[in-house]
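Accompanying notes for the structure given below.
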Amino acid sequence: MSALRGYNATILAYGPTGTGKTYTMEGSLRPDGHGIIPRSMEDIFEHIRSARNEHSTFEVRASYLQIYNEVISDLLKPDRSHLMIREDKRRGVFVEGLSEWLCRSPDEVQTLMEHGSSARATAQTGANDTSSRSHAVFIIVVERSEKFMEGSQSLTGRLNLVDLAGSERPRITGATGQRLEETKKINQSLSALGNVISALTERRARSHVPYRDSKLTRLLEDSLGGNCRTTMMAMVSPAAEAFAESLSTLKFAQRAKGVVTTPQVNEDLDPRMMANRYEAEIRRLRTELAERDSRTTIDLEGFDPHKPLADIGALRADFSGGKTGSLWNRQREEDKAPAGRYKQLLLKQRDIMITLTQRLHERDETIIGLQAELDAQDQRVRELQERFERQALRLAAAEKALQASSKANMANVGSGKL
């Protein structure tokens, strides 16, 4: 349900080949055999049906891609391959040119999933009759727009459902030729994933995390250590010959538990609502500061005004290091907290205003560009209209000449008969 509240979320299936990752994600056609993807869609649309009202609207879009031999392709439009990974501040990491399909029900999502799965690279190996030869990512984007009296709000949640290709040992799977090359690429990308997890869980923070070592880790950058809530399912095999792979998977899952992400709500407010929200927060902090200033007192318990001046040193020591001093220092620290938050809020408000100004500037540039295109189109229309008028004049003149010639011919024919 995190995606419905505007968060990015990822469910990751990891494990050796033949352990049921694809079945777990997609399931079967039996009513009781639904996998993670169909169940997630049922929950999303059920929530939408219960939460929809006259002030809120929902939009669900789906995409499906695979990473085969380090090449990203669109499973819903197989002609789109060699897609590139891009990044910007608003969308984060995304695949440029990936198609998005509007979905109105779980059945439509199921149809897209089945269509994409049929185009996914699979092959028979010694460990699995239909082994996945690529990493697949099913992406669901849920946009929720709400209108209030003070403005409008838009929440955008993104759900990544990742079915990783399984790690393989050629001596067990018997891979040769093309299957062996696929195995090398799969193991290479999974090794890069392990390196990223290791870098993120080291006690000393590393200045560099190798996200760009593979397309898989680059695509999952936000899921692994960024703005996302991530769940990983570790698959193991009961087979004795897969003991080493199962043990390695469990160790990897144990390391992955130490990864810390920083999920944030993907919220887009109109300028009026954003200004109202921050003005209310500023008023609250100002009130809190005023209340703290009004009740700031120093507890002088233990202070005897009749002490002789000879004990003034002890009094100074009591005031600076004793109970009174500790209360005073604690009060000062408590007063600094709202002031710091107030300062941070002002800085954030300034950054937001700068961002809004930049967006308005970009919008103005877009409008100017569109206006220039419209002017060019108008000029083109005028040129075509003038050309059409000239052509019409030519046709009219030709028609008159033809009529005159026809009359002359008729007159000649009549005079000949006479």
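Every residue gets a Cβ built from N, Cα and C, even glycine.
Unlike curated records, TrEMBL annotations are generated automatically.
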| task | Looking at the candidate ranges 52-86, 367-401, report the one that TrEMBL labels coiled coil. | result | 367-401
| request: List, in sequence order, the residues of the same chain other than G15, P16, T17, G18, T19, G20, K21, T22 whose Cβ lies within 8 Å of the centroid of the Cβ atoms of the recorded ATP site. | output: N128, G166, M235, S237
| Taking every residue in the coiled coil (367-401), what is their average pLDDT? | 84
